[in-house]
Amino acid sequence: MYDLTGKHVCYVADCGGIALETSKVLMTKNIAKLAVLQSVENQPAIAQLQSIKHSTQIFFWTFDVTMARQEMKKYFDEVMVQMDYIDVLINGATLCDERNIDATINTNLTGMMNTVATVLPYMDRKMGGSGGLIVNVTSVIGLDPSPVFCAYSASKFGVIGFTRSLADPLYYTQNGVAVMAVCCGPTKVFVDRELNAFLEYGQTFADRLRCAPCQSTASCGQNIVTAIERSENGQIWIADKGGLEMVTLHWYWHMADQFLSYMQSTDDDNQEQFVSGRR
């Protein structure tokens, strides 16, 4: 179990919907500090969070997840003055706009990766940090394809690939930063928006999604925090229909294990086995 007591948590997302409900639950876990980084100021939401736990320090910054990494570095230098250190980084910024592929990819994937690359040095044990946990909040259509929201699905598949890659022991054993993801199923705040399909053939299905059964943002937020508390490095969870399920991960490339051994080995025989395909 991952104990959130006394932790310094940084949440990159819009402070509404899933992010707000997740933050409400976090505030009941006796965290010491919560940094909320979002695109639009939402003081009523911040006040609502503060009312849950007065002793927890809450800091707010207006943040554009699509900014260049160089700008992010300057930004987080200021954030760290208030936070001192970050134990948990939660990436929850999301956009589903099939008519604006660049914005969808930049928000959901590129921006998230730049945020991680910027924050990791502050957490890295070999760079003076204390280790910690990175949580990427993503979607179930990052596990299974969506014929309706093709660009959104592609961006979320990228989040899963990035999460699994960064969770490799090659990194974790050195920097002490665990990486996990929570894939949210259809949630009310998402289906309430105007949604456009990637191609017009799918628009009927996009319109029907408004009436489809979906979980509440409160239920999803609760399960995101539960997944964090149960987390181990590299785990992928599904938060859907009020439940929580851990994903069984698979290696589809039959030489993946040999490739990793080859990367880590200086033995000529092992390298020859990889090239020849022998086990």
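For all residues, glycine too, the Cβ spot is worked out from N, Cα and C.
Annotation source Swiss-Prot lists active site, proton acceptor at Tyr152, citing sequence analysis. The number of other CB atoms found within 10 A of the CB of Tyr152 (active site, proton acceptor), across every protein chain shown, is 25. Under the DSSP three-state reduction, Tyr152 (active site, proton acceptor) is assigned to helix.
Among the features that Swiss-Prot reports, NAD(+) binding site is placed at 11-34, with the record citing similarity to another entry. In the three-state DSSP reading, Tyr11 (NAD(+) binding site) counts as strand.
Mapped onto three states, the DSSP output places Ser139 (substrate binding site) in strand. Within 10 Å of the C-beta atom of Ser139 (substrate binding site) sit 28 other C-beta atoms, taking all shown protein chains into account. Here Swiss-Prot flags Ser139 as substrate binding site.
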Cα distance (Å, whole number) from Tyr152 (active site, proton acceptor) to Leu20 (NAD(+) binding site): 22
CB contacts for Tyr11 (NAD(+) binding site) [other CB atoms within 10 A, all chains]: 23
Integer Å distance between the CA atoms belonging to Tyr152 (active site, proton acceptor) and Ser139 (substrate binding site): 9
Spatial neighbours, same chain, of Ala32 (NAD(+) binding site) - Cβ under 8 Å, 6+ residues apart: Gly6, Lys7, His8, Thr56, Gln57
Local Cβ density at Asp14 (NAD(+) binding site) - other Cβ atoms counted within 10 Å: 22
Least Cβ-crowded entry, counting other Cβ within 10 Å, from the binding-site residues listed as Gly17, Leu20, Ser23, Leu26: Gly17
